[in-house]
Each structure stands twice: as C-alpha cells, then as structure tokens.
Number of protein chains: 2
Amino acid sequence: METKQTDIKLKSPVRCIVKLGGAAITCKNEFEKINEANLITVSSQLREAMIVDDFKEQQVLDYNSFVVIHGAGSFGHFQASKSGVHRGGLNQPLVKAGFVATRISVTSLNLEIVRALAREGIPSVAMSPFSCGWSTRERNIASADVSTVVEALDSGFVPVLHGDAVLDESLGCTILSGDVIISHLAAHLKPQFVVFLTDVFGVYDRPPAEPNAVLLREIAVREDGSWSVVNPTFEDSDKQVEISVASHDTTGGMLTKISEAAMIAKLGIDVYIVKAATEHSLTALSGKLRDEIPEDWLGTVIRYVS
Amino acid sequence: METKQTDIKLKSPVRCIVKLGGAAITCKNEFEKINEANLITVSSQLREAMIVDDFKEQQVLDYNSFVVIHGAGSFGHFQASKSGVHRGGLNQPLVKAGFVATRISVTSLNLEIVRALAREGIPSVAMSPFSCGWSTRERNIASADVSTVVEALDSGFVPVLHGDAVLDESLGCTILSGDVIISHLAAHLKPQFVVFLTDVFGVYDRPPAEPNAVLLREIAVREDGSWSVVNPTFEDSDKQVEISVASHDTTGGMLTKISEAAMIAKLGIDVYIVKAATEHSLTALSGKLRDEIPEDWLGTVIRYVS
C-alpha cells in the first residue's frame, strides 16, 4: 500500500476525525436533498468543538485538528447502484456514465458541506478522494496519499473528504466508502478520538425501530480485536453471545459498524457513535467523553481495554 | 520539481488540451454567473471534436484524449483579490477565509462545467489542483503529481482542472492560474495541440476593441523562444518591432498570452487561440488546422518553425 508514511509528520496532533453520516445530513428518502437543519446544527457544533482555550484564557479556534468525512446519503447512491459502479467494468458505457454521475452527485454534496462549514468560520477545504489519487485493488485501498491531507492540516485547514467513486486496479472502478477512508486516516493520522454522527442514538442490540431495542452504551475491544458489550450488562449471559454471533448482519448493519469501529479502537483511539445535532453529539465532539462518560449521555462508546 | 516523470506512460497519446477561458464561459461583469449559452455550445463542440472514425467506419467517441482546464472568470476572482490570496499569508484570518471562499467559488464553477460536459455524454471528472496536491514555491509549480491525471486519462475519462488557490511553500498560499497548469500539463503530456477558447477572435496587435486592431493570424516560434508574426505580413517593418518590444503588456495581455503560448509551441505543439462557441473554435478543436489553415478561419495559430 502506497501511503507515504515518511511524510506523516504533523505539526500538531489531530484531535478528531468526524464522520457526518449520510443519513444524518441528507434526507434519506428524497433524491439529492440535504437535511439543512441538521447540517447547520452539525456545522455549528463542530465550530464550538474546535474552540480551545489558549494560555491567555482567550478563546481561539483550534482549526487544524479536525478532519471531516461525510457519507453520501441520498446523493450518489442512486447513480452508483443503478449503474453498478461498485462492481467495476469501466469499459461498459453505463458503468462509466454512472461513475461520472456518482462523482457529480457526491461532489455537489461535498461542496454544500464545505460551504456550510465555511459559513461557521471553519476553514474547510474539499479534498475529493478520486482527485487526491486514492485508488483501490479488489475494493481495498491500494494507493492513498495522506500527505496532501497532512499538508492541508499543517496549513490550518479542515480537510473535508467523502465516500467517492474511485479507480480500482483490478475491477476498473468501485465505490470507496467514507468508513473505509476513516479507518485509513485514523491509522495514519492517529487522532485523539473518532466521532460517527448518525441518525440514531448509537448502536443497538437489534434494529433501533424494533420494540425493546437496547442501546449498547459501551463496548470494550481487546488486543486480539474481539469485543464485548460492557454496558449495559446483560443479565442473560446468552444475550452477549447472541449479539456477537449474529450472522449475516441482520441487525441493521450493527455488526459491520462495530467491527469497523473496533479496528479503530484497537489503535487506542476512542470511537463515539452518536445522534447528530443533539446535545450528545456536542458532548462527543468536544472530547469530554475521554475523561468521563456522563450518566445521561446517550450514545455508544467503543474503546480499547488492555 | 516533483512531477513523477517516470509514471507518465500514457496508454494512448493526448490529442488536445483545451482551455475554457473564464471570459468565454462566465459573464465577466456579473458575480458568479455562468454564460450558459456559451457553455452548452462549447460542451457540444467538445463532444463533436472527440468523435473519431474507427476502422469499421463507425463513429466512436475518442474520449481519452482530451484534458480540459478552465479559468475562473466571475468566479473566484472577487474572493481572491479582495483577500489577497495570491500574495500569501495564511496566518492572517482574512487570507485564510479568502482561500476557503476562493476554492468554494472555483469548485462550484468546476462542478457546473463537469455537469455540462457530462450532459453531452463526455466522461468528465473533476480534478481540483489543490486536492490533487499541486503546490507552488514563490508562485512557481513546486509539486504537481501528473500521475493522477494520467490514470484518469488511461481509464477513459476527461480530467477537468481549473485555476485554484493552492499552498505555496514560501508564501503560505497563492493562486495557481489555469494557464500555468496548461503549460505544465502540455510539457508532460505532450498533446498534439492546445486550444485556448476565449471571448475574442484571437490575438490582436492592440486591444481588440480599438479601431484598426489587426488579428494576428499566425505567429512563428523559433528554437530560442523568440517569435514573430508571419501572417499578416506588415508592410511597415517597424510594426513587427513595435509588437515585439511593447513593454509592460499594455496591449491587453497580448504579450503575456503570446509568451505563454510560445513556450508550448516551442515543444512542437501547435497552439490555437480562438473565439469560443464559433465555427472557428470547432475547426480548431477538431484538429483540422494541423494540416491546413483555411483562408476564412479566424483565430491565431502559434507554432514552432525549425
């Protein structure tokens, strides 16, 4: 994997990588529709979270410590799935046209997010993975030059990346998801914590809409990558097993989410999955959860235990 | 200069690098206003120019042989000049905000151009120079990884780049003009010809709006980079000297334009400067001028003579 490891010498450490989930910032069921209210609140919360007190007790914006990645939501998905961009085959006119249409859709969302952040005074800069030269091989990252992201951070900007259609060495093309980008950046930039902003309160033991769905408040990840729910403690010990072995990810993508978050947590980076545009997301973004998780905080913390 | 020369092994040669001048595709005096009619015609002409007859006498779109670069026109210039982005100084809040605003403005124009080209069936992909990691040192290109452009070309896409705000190693930041990008790409991609689409018929001996302005139809560039007008032939021999020595570029940017075009022509690449969205621009884009320049063709040809 070509990642230019040697170039990664950040002037100051990255504080947070934040994922704006597609479901949180767009209206899922309306074609290319932004959830304006959420986006405004999310941008405002990000600004608040970036303010740090300096030694003179003046408030300064600690801009250079955040990276934003967003999903596609109701942008891109339609164009990508209809043409099968994720399966590759650029020699097929439909796939090639789908690639172009997908990129137009996701970059137009990206532009609006950069604009919303800039309106809050955040020095956001679009960094589209395809343009940055990110590419895959069999859908795994093959080339991702993190140095351009580092240079933007070092210059005091907040890079804004997104899930994108990219070239794939074996398939021709595919979709690189925002979550894969986060894992990659987390491994190389070593942020203090990672926040996933989503449209539900966190990770549940079953689809959140189901009755009796239980919010998993804290998940512990061990050295070998295995994980277990430590809060709530299930009286029924079979329950824990049930969550761990639930196959084929029938629980609304829960297992995939936990597995990806666990890979990040294994690096010693706290991961918070929280509902966007709530008091809980602001708490998570501010970094306060690293010291203590308040009783009334709603969300899922996934962290490494040695 | 970090250009990854070794990576430049194109599957097929680049046919044309085309510059969509800011004045041709935007309304110069209206803030962030696209010249829709021109953009539609330009896109349609580009599509027509990309069609080549294959050996079966079927028309096929020879997509992978064009690179598009556009200027900013009424996008970006206001934001950039008001904040002084070209002078650098990212530690000043106004410059940093101007950098962000400039990029938002030029990337929104870029998105609309990519969209207009895609509507014509051209597989256009946005490649923003800042995102691509292009940077400067004292305003000269310091790093420009052409390999991402090459990969896009090799996959059959038409990369669309633009003048952009970029990081500068000594100044902090500056503006990288579309014309500088073209010179750089021309030197590395070695296209068959370069077309500058503008809002006048070509290069004149004085500002085109002045009475008696004469269109310079053909300019010959010699090995040492010097150039002379070979058509029309001025009876008054002092006239030739007058054009060559006109100092401080008082002739509406003519000398700068010729000098930049001459640098490209010196590489053996024909340069055509022509009015956008006219029959003359279509002739230039089609590559027909390489064989013969029709009597009724209006524009300026700048080419190397050995």
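Every residue, even glycine, has its Cβ placed from backbone N, Cα and C.
Annotated features in TrEMBL:
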| type | residues | note |
| --- | --- | --- |
| DOMAIN | B:15-274 | domain 'Aspartate/glutamate/uridylate kinase' |
| SITE | B:Lys28 | site 'Transition state stabilizer' |
| BINDING | B:Ala72, B:His77, B:Gly178 | substrate binding site |
| BINDING | B:Gly73, B:Asp199, B:Gly253, B:Lys257 | ATP binding site |
Shell list (substrate; ref centroid = CB of B:Ala72, B:His77, B:Gly178; cutoff 8 A): B:Gly22, B:Gly71, B:Gly73, B:Phe75, B:Gly76, B:Ala80, B:Val106, B:His162, B:Gly163, B:Ile175, B:Ser177
Secondary structure at B:Gly178 (substrate binding site), reduced by DSSP to three states: helix
Proximal residue to B:His77 (substrate binding site) among recorded positions B:Lys28, B:Asp199, B:Lys257 (C-alpha distance): B:Lys28
Around the Cβ of B:Gly178 (substrate binding site), the count of other Cβ atoms that are within 10 Å: 22
Reduced DSSP assignment, B:Lys257 (ATP binding site): helix
Among B:Ala72, B:His77, B:Gly178, the record's substrate binders - longest CA distance, Å: 13
Cβ neighbour count within 10 Å of B:Lys28 (site 'Transition state stabilizer'): 13
Inter-residue C-alpha distance, B:Ala72 (substrate binding site) and B:Lys28 (site 'Transition state stabilizer') (nearest angstrom): 10
Close in space, distant in sequence - B:Asp199 (ATP binding site), Cβ under 8 Å, 6 or more apart: B:Gly21, B:Ala23, B:Ala24, B:Lys28, B:Lys275, B:Ala276
Rounded mean pLDDT for the residues that make up the domain 'Aspartate/glutamate/uridylate kinase' (B:15-274): 89
